[in-house]
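**Student:** Take a look at this one; I'll ask things after.
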There are 2 protein chains.
Amino acid sequence: MTQLKNDTFLRALLKEPVEYTPIWMMRQAGRYLPEYRATRARAGSFMGLCTSPDYATEVTLQPLERFPLDAAILFSDILTVPDAMGLGLYFAEGEGPKFQRPLRDETAIRALVPAELDKLRYVFDAVASIRQALDGRVPLIGFSGSPFTLACYMVEGGGSDDFRHVKAMLYSRPELLHHILEMNTQSVIAYLNAQIDAGAQAVQIFDTWGGALSHAAYREFSLAYMQRIVAGLKREADGRRVPVIVFTKGGGQWLEDIAAIGADCVGLDWTTDIGQARARVGAKVALQGNFDPNALFAEPAAIEREVARILAGYGQGSGHVFNLGHGISQFADPAHAGALVDAVHRLSRRYHCD
Amino acid sequence: MTQLKNDTFLRALLKEPVEYTPIWMMRQAGRYLPEYRATRARAGSFMGLCTSPDYATEVTLQPLERFPLDAAILFSDILTVPDAMGLGLYFAEGEGPKFQRPLRDETAIRALVPAELDKLRYVFDAVASIRQALDGRVPLIGFSGSPFTLACYMVEGGGSDDFRHVKAMLYSRPELLHHILEMNTQSVIAYLNAQIDAGAQAVQIFDTWGGALSHAAYREFSLAYMQRIVAGLKREADGRRVPVIVFTKGGGQWLEDIAAIGADCVGLDWTTDIGQARARVGAKVALQGNFDPNALFAEPAAIEREVARILAGYGQGSGHVFNLGHGISQFADPAHAGALVDAVHRLSRRYHCD
């Protein structure tokens with residue numbers, strides 16, 4: 001394998017010395033970029049992008065051509081896994097992802113089995129293709145949704161603003177939800193390990209909806225399964241550690257619990273004070289975050305002030321990967337994203353001179 | 001004034017001994033009740049309900065006829081205040097509240113002045129009418145939106161899922177947002193004091209959107225103004241203390257800061273562990289919450305288990321007002337709400353026997 005030219009991101013995840021704070025942006029390849037929209041139009045559909053290793057490679061690399069980002073992340077969707085479990089993923093225009101066969105009755109739930117990896121071959125092919133195209137420029141991040149976040153979509157049948165069905169199941173029939181989560185967990189372990197085999201150099205588990213739970217339910221229905229995933233992952237490839245990042249949006253109250261599951265890094269949304277987070281769990285894990293993605297709607301000078309505040313909050317030394325606290329908005333101005341990346345690189349050097 | 005027949009709610013807010021844990025539900029008078037929908041149909045519109053003291057009284061009392069709730073809350077809308085400031089509130093069917101004149105340019109913002117209380121007379125008339133109709137049955141809660149939450153609607157022009165405009169203003173032109181917040185604060189102090197004069201026996205400040213901010217921005221743009229409101233309120237009426245409840249949805253990470261602004265009680269959404277919250281701030285304030293409103297979609301037996309868990313989490317003694325962590329869903333089954341109230345009253349007695 002080619003030697004990495006920029007491994008700042010991997011070093012920061014392991015709290016090894018770095019020269020500056022590395023940055024990548026959740027959803028950095030996406031609709032806010034006109035070149036993405038052009039490729040998406042050529043591909044014909046969102047799933048057309050995801051299932052073609054060529055298109056997935058093209059859009060994964062697009063933000064790196066614009067901005068000196070310190071990592072690339074596989075372009076894919078978190079719902080590829082339940083799709084491979086037979087739920088029938090489709091995207092209704094303007095409505096977000098949906099499943100043809102949501103899990104609503106006990107028979108369907110009991111019949112659920114782990115995803116066949118063969119049906120996800122296109123993802124691993126994309127990882128291999130992107131890794132080759134990167135040619136050692138920056139590390140490649142693989143990812144998956146968390147078992148609970150996947151279950152939300154699988155039970156609701158799509159996005160939801162109240163999680164009515166999955167919460168009814170959680171409280172009334174917890175054993176059914178546990179069966180879904182068990183199948184998801186086995187699927188995600190195999191899915192992420194196959195991404196690592198294909199060339200992913202770090203992996204992130206996105207727990208987008210765990211923050212919608214009570215603390216007690218979060219531990220039982222989301223965190224416990226992420227812990228099993230972390231324990232089941234290959235943690236080394238090409239003789240180098242493959243760091244694991246766990247990110248629960250809205251999980252700031254539970255950092256101690258999250259930091260205890262064995263991941264190398266914990267993601268923070270923008271509501272958490274990063275200095276307090278470091279004091280609470282920084283001895284155990286690296287931290288990723290935590291710029292408010294909607295602060296990108298402000299002027300570049302304001303973006304720079306906010307970057308300075310977060311960098312000062314984390315303070316001196318390694319262990320911080322700069323990122324947004326959630327995916328970049330489709331309405332964000334690419335020039336503002338560029339101002340963010342520039343400010344992080346420029347302002348962070350003073351925190352890494354020892 | 002008539003003697004209160006049931007003052008359990010007021011005593012719990014002041015951590016005085018009670019026989020059981022009192023309960024009310026945010027949005028307890030609302031669309032999940034068929035009798036509410038019938039009155040709403042007669043009134044012709046949502047604002048028709050709010051602006052008529054007779055209708056407002058009728059719907060405020062409806063949930064008390066069904067359930068032995070320990071408090072009534074004024075039926076109104078948080079956007080009455082910016083409406084009285086001249087922004088032109090209207091409700092587009094199925095779209096939620098909107099403003100005809102959102103605050104988008106500096107001239108309009110600089111021209112903003114506090115609400116004229118005369119334009120809110122219908123609210124104070126409703127408070128007086130409800131208080132009379134209650135006849136001492138349970139205490140009446142008055143309320144207002146927080147200055148920041150009101151500003152979100154005033155700047156966005158309605159609901160928003162990203163708060164793009166208000167966040168751009170917050171980061172790029174903070175002085176403009178501070179002017180809006182200053183006008184809102186002066187308005188809310190006068191508004192809540194007039195509700196207290198009209199008969200409100202406790203007041204709650206709803207900070208629905210403060211949780212969308214970073215910790216630093218929350219303190220500067222939401223909490224600081226709520227602190228000024230708390231300091232500006234009449235805290236006694238009819239020779240009895242008028243307790244103040246402050247509720248920031250998503251504020252669980254900031255409880256210490258919230259508990260320090262002088263309110264009697266801090267509301268918790270369902271993501272916060274109430275036992276941990278009591279350990280953190282329970283010596284300073286009473287706590288209100290924190291049942292997941294969407295757990296009402298589960299069976300009554302499951303609702304009872306969840307009630308038992310929360311009561312045990314708070315533990316022995318007064319200082320807890322049971323509530324939902326957010327408003328009850330329009331799709332909730334009234335029978336499940338009844339099961340909740342029953343379970344709280346039945347299961348909480350053991351925590352109040354000393």
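Every residue gets a Cβ built from N, Cα and C, even glycine.
The annotation substrate binding site is assigned in TrEMBL to A:Arg27, A:Gln28, A:Ala29, A:Gly30, A:Arg31, A:Asp77, A:Tyr153, A:Thr208, A:His326. Taken from TrEMBL, the feature domain 'Uroporphyrinogen decarboxylase (URO-D)' covers A:22-31, A:141-157. Positions annotated as site 'Transition state stabilizer' by TrEMBL: A:Asp77.
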**Student:** Across the domain 'Uroporphyrinogen decarboxylase (URO-D)' (A:22-31), what does the pLDDT come to on average, as a whole number?
**Tutor:** 97
**Student:** Please report how many Å separate the Cα atom of A:Asp77 (site 'Transition state stabilizer') from that of A:Arg27 (substrate binding site), as a whole number.
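**Tutor:** Cα of A:Asp77 (site 'Transition state stabilizer') to Cα of A:Arg27 (substrate binding site) measures 10 Å after rounding.
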**Student:** State, in Å as a whole number, the widest CA to CA span among the substrate-binding residues A:Arg27, A:Gln28, A:Ala29, A:Gly30, A:Arg31, A:Asp77, A:Tyr153, A:Thr208, A:His326 given in the record.
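**Tutor:** Binding-site diameter by Cα atoms for substrate: 23 Å.
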**Student:** Where among the binding-site residues A:Arg27, A:Arg31, A:His326 do you find the Cβ with the fewest other Cβ atoms within 10 Å?
**Tutor:** A:Arg31
**Student:** Same chain only, sequence gap of 6 or more: which residues have a CB within under 8 Å of the CB of A:Ala29 (substrate binding site)?
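**Tutor:** Expected: A:Tyr36, A:Val59, A:Thr60, A:Gln62, A:Pro63, A:Ile73, A:Phe75.
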**Student:** Using all protein chains shown, find which of the recorded positions A:Asp77, A:Tyr153 scores highest when you count other CB atoms within 10 A of its CB.
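**Tutor:** That would be A:Tyr153, with the highest Cβ count within 10 Å.
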